[in-house]
Amino acid sequence: MIEADRLIAADAQSEEEFLDRAIRPKTLADYVGQPQVRGQMEIFIKAAKLRGDALDHLLIFGPPGLGKTTLANIVANEMGVNLRTTSGPVLEKAGDLAAMLTNLEPHDVLFIDEIHRLSPVVEEVLYPAMEDYQLDIMIGEGPAARSIKIDLPPFTLVGATTRAGSLTSPLRDRFGIVQRLEFYQVADLQHIVGRSAHCLGLALTDEGALEVARRSRGTPRIANRLLRRVRDFAEVCADGRIDGEVAAQALNMLDVDAAGFDYMDRKLLLAVIDKFMGGPVGLDNLAAAIGEERETIEDVLEPYLIQQGFIQRTPRGRIATVHAYQHFGIDRAE
């Protein structure tokens, strides 16, 4: 099993980019949640515009699905400049990056998603571009090779990553602004679901929005995906109107429970509780018990369960916490 196969996967699915673009907020005024990030960016953007400068280079990091691309779009819109978008794996050669940099207009925003996946060769080209707005390019080969410098217009690099720790220190140190996105509160997700429903022309009550928000694992991308699936259910089974009861019925049918867990989450938790008496259990034994690869457990299933306090990793193995027992209504044997 891979993460993209799950309805509650935080990573973007191929068909979602166009749909998400239609409901994506365009300004900081429409940006819900992340109050500290929003407040800081409002000040930084206003200050840059007052000075007539490009915004300082911005690094955005955090779990997938929290709105890093959305924030990059908002920065460009608020600055009134163009947004050029690419990703680390796409920039294979130094020339790929040079082509993008030389086509920028003054103060434009260059957005590099998955910036931690830049190759060392491309990263070396980026250093003088970020620091001095200059591009160092080698022309020719062998003894005839020579370096030329090309002046670039002032621009803003916005880098996004889910793995800030994988960035090299020289690259990380060149970002003047660093923002971490946190998982969203249910109230903020309810607001986001309501706004998305309005953009999509859906009849959604506050209770319906709350039900979707509670099961969205703190992630707007998941909330919007669940909303679209609930819409399908409502159009067929409830005359298109989504209240709390309809949303709950739809999400139960989709096997997403009140905590946002799907079948695989529950299977893992129940294996620890029932088959290994709550743990500790080694990763290989747990993988064999649920019929999954150990990498799937470590990379796909465990992170959210650990973050929510349902599973603990210890030197002796995995342990189910009291929250896991309470979720299933099971008494914990002392």
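The backbone N, Cα and C atoms fix where each Cβ goes, and this holds for glycine too.
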Additional site residue, ARG214, ARG215, ARG217, ARG221 [criterion: listed by Swiss-Prot with ILE23, ARG24, GLY65, LYS68, THR69, THR70, GLU131, ASP132, TYR133, ARG174, TYR184 for ATP]: ARG221
Between TYR133 (ATP binding site) and ARG318 (DNA binding site): CA-CA distance (Å): 50
Rounded distance in angstrom between the Cα atoms of TYR184 (ATP binding site) and ARG313 (DNA binding site): 24
Helix, strand and coil residues within the region 'Small ATPAse domain (RuvB-S)' (185-255) as assigned by DSSP: 52 helix, 4 strand, 15 coil
Around the Cβ of GLY65 (ATP binding site), the count of other Cβ atoms that are within 10 Å: 25
Long-range Cβ environment of ARG294 (DNA binding site), under 8 Å and at least 6 residues apart: LEU283, ASP284, LEU286, ALA287
